[in-house]
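Below is one structure, written out as structure tokens; comments come after it.
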Amino acid sequence: MIMMGHFALLVFLAFASMQLLCIAADHDAAIFYDSFEEPFNGRWIVSDKDDYKGIWEHSKSEGHDDYGLLVTEKARKYAIVKELEEPVNLRDGTTVLQYEARFQNGLECGGAYLKYLRPQEAGWKPKEFDNGSPYSIMFGPDICGLTNKVHFILKQKNPKSGEYVEHHLIDPPRVPSDKLSHVYTAILKPDNEISILIDGEVKKKGNFLSAQDFDPPIIPAKTIPDPNEKKPEDWDDRVRIPDPNAVKPDDWDENAPMEIEDMEAVKPEGWLDDESEEIDDPEATKSEDWDDEEDGVWEAPKIDNPKCQTASGCGEWKRPMKRNPAFKGIWNPPLVDNPNYKGIWKPRDIPNPNYFELDKPYFDPIAAIGIEIWTMQEGILFDNILIAKDENVAESYRDTTWKPKFVVEKEKQKAEEEAAGSDDLGGFQKTVFDVLYKFADIPFLSKYKLQILDFIEKAEKQPNLTIGVLVSIVVVILTAIFMLIFSGKKQQPRVEKKTEVAADTSNDQGSSGEKPAEEEKEEEKENETGGAAPRQRRRDT
């Protein structure tokens, strides 16, 4: 047994040593790597430019003991740069750019991209690092307003014109919309393939030399429209024109109004000409502290005139307007085909003086890594920035540095969502109970009120019974409705033998044939007015 224990210990130590050797080997294989476990001061240089007032912090990632580079304030510009020991040549073999970014406060409006800068001979200094500092590649997430993308921009020099042009990857991936740590990877291969990975999963593939993958294309078009050619003055590109032979008809009246009074309209019966739609509130009284000199002459507030509620209308009656059958509007001649139409003009194509051919993009070497952003949110954390020449090295770093954190964050997020779901269920149950109490007060369910209340009380004491209680109450309501319909059908033959007026006024009764007092009062009002529709105000006629 002792021998077995020693053997197990040796196996464990061997395995741990292998892991350490692998990590060390990956670290040796990395051209550049910064885990930010140590303070960045002295290694990264913060820009002295006046515009960049944002404060960087060496801070732990929320919920972890792992450190990163943190954006601390919102609505600020930030700029910080790290020079590499030696420039990285992107034209030789595969190059992998990788780093982690976390929007700890969620996505609002902020960028978390990196700029891979050209050598300082291109005209920049670390202390003066800003938006104009020349870069070779810009890569990473950016979200604000309509912008939501993981940028990949190659800035390449045109060998003919000598100008640097930004070439944007078309249809880049979207930024994950959560508060978790994510790892962004760009793989540049010698066969001109570009792959963008998020959390180790390929989200976009393209080819540097394809016009469908970059805008503008890295290889310019062979021909361009002649910039010096202009459309001739006599060039007619109108497909249709007003008929020059058309004449406005003699009976066309352009001044006829669009609407006229409806002379056939008749003032409705019961219209109260001498009544206003609103009257002074007879119950309103001037408060004791009202001072006419300071507050002005007191006037009672207005209320709807109760006399108008049963009338067809109040105030001065005016005929409504109707569409004027004589209205035709401004006359315009009809359109006909243009006999002088020459087609859509465009300049002729000429050879593009800036055209060139490439077997692969011209990548300027990378001499530094910079973060230059203007963000409206704080809490953006950068971590584990890596440049490597081997995809496996990048994958190993993802597995050892990013994945353990992501698993913890994902589990925490899941627990929070489940807790929130439980709270939502509680809120749902409360809403259900409130509705059920209102059901219990419905007049035609009065016979079953005590039964329904008993069900609700049981459900409140045992929330897990809510669904069962709902089913029980639905059964009670359906039973009451059935009884109501069944009872109504039995009474119909007896009611139809009475006068038509009696038939008209006996609808909507409960199984007992009795109505609540409020319904009786409302029906009496309708009977007095002959079942008149709601009053119509003058402005509605």
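Cβ from N, Cα, C; glycine included.
Here's what TrEMBL has on this protein:
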type: SIGNAL; residues: 1-24; note: signal peptide
type: DISULFID; residues: C109-C144; note: disulfide bond
type: REGION; residues: 214-255; note: region 'Disordered'
type: COMPBIAS; residues: 227-241; note: compositional bias 'Basic and acidic residues'
type: REGION; residues: 267-317; note: region 'Disordered'
type: COMPBIAS; residues: 271-282; note: compositional bias 'Acidic residues'
type: TRANSMEM; residues: 465-488; note: transmembrane segment
type: REGION; residues: 493-541; note: region 'Disordered'
type: COMPBIAS; residues: 517-526; note: compositional bias 'Acidic residues'
If we skip the immediate neighbours and take only residues 6+ beyond the ends of the compositional bias 'Basic and acidic residues' (227-241), which ones have a Cβ under 8 Å from one of its Cβ atoms?
335-338, 340-345, 347-348
Residues of the region 'Disordered' (267-317) by DSSP state, where helix covers H, G and I:
8 helix, 8 strand, 35 coil
Reported in the order helix, strand, coil, what are the DSSP residue counts of the region 'Disordered' (214-255)?
0 helix, 8 strand, 34 coil
Around the Cβ of C144 (disulfide bond), how many other Cβ atoms lie within 10 Å? Please give the count over every shown protein chain.
15
